[in-house]
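Novice: To start, I am sharing the structure in question, which I have written as structure tokens.
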């Protein structure tokens with residue numbers, strides 16, 4: 001199944017709507033980021049990511 005990224009929070013999933021924020025997803029995305037511990041991650045803080053998971057860097 002194709003991986004898709006949320007158009008709002010950029011979380012990656014295989015669903016048509018984001019399981020976190022319920023916004024639509026897109027198959028047109030690039031970059032892959034895994035956040036394990038968002039509380040101690042400078043990158044997560046910079047990108048305003050609060051939940052661990054897989055994220056796209058750019059979603060169109």
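Cβ atoms here come from the backbone N, Cα and C positions, even for glycine.
Just so you know, TrEMBL annotations never went through curation; they're auto-generated.
Annotations for this protein, taken from TrEMBL, read as follows:
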- 3-60: domain 'Spt4/RpoE2 zinc finger' (DOMAIN)
- 6, 9, 18, 21: Zn(2+) binding site (BINDING)
Novice: Could you break down the residues of the domain 'Spt4/RpoE2 zinc finger' (3-60) into DSSP helix, strand and coil, giving a count for each?
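Specialist: Helix/strand/coil tally for the domain 'Spt4/RpoE2 zinc finger' (3-60): 8 helix, 24 strand, 26 coil.
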Novice: Long-range neighbours only, meaning 6 or more apart in sequence with Cβ under 8 Å: which ones does residue 6 (Zn(2+) binding site) have?
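Specialist: Residues satisfying the criterion: 12, 13, 18, 20, 21, 23, 24, 25, 26, 59.
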Novice: Per-residue pLDDT averaged over the domain 'Spt4/RpoE2 zinc finger' (3-60) comes to what?
Specialist: 98
Novice: When neighbour density is defined as the number of other C-beta atoms within 10 angstroms of a residue's C-beta, which of the binding-site residues 9, 18, 21 has the lowest density?
Specialist: 21
